[in-house]
């Protein structure tokens, strides 16, 4: 069977659902889906050892020092 024929690969316009974009329930559902996906991508980056920072920021190399190092306002353990 050839899967590259037009009838097998394209959907007719009748199958596409018409969803109102101003529906509050649809907006809430979309926000939950987006938040879940962003969390998934963040966990994936952390697991692979990458950082989500785009440049040196507070606590990063050359930064102002945060909770992990540098001149912070926390206890030094002396």
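Placed from the backbone N, Cα and C atoms, the Cβ positions cover glycine too.
Cross-referencing 43, 68 with Swiss-Prot, the residue annotated as citrulline turns out to be 68. The average pLDDT the prediction assigns to the domain 'Collagen-like' (50-78) is 55.
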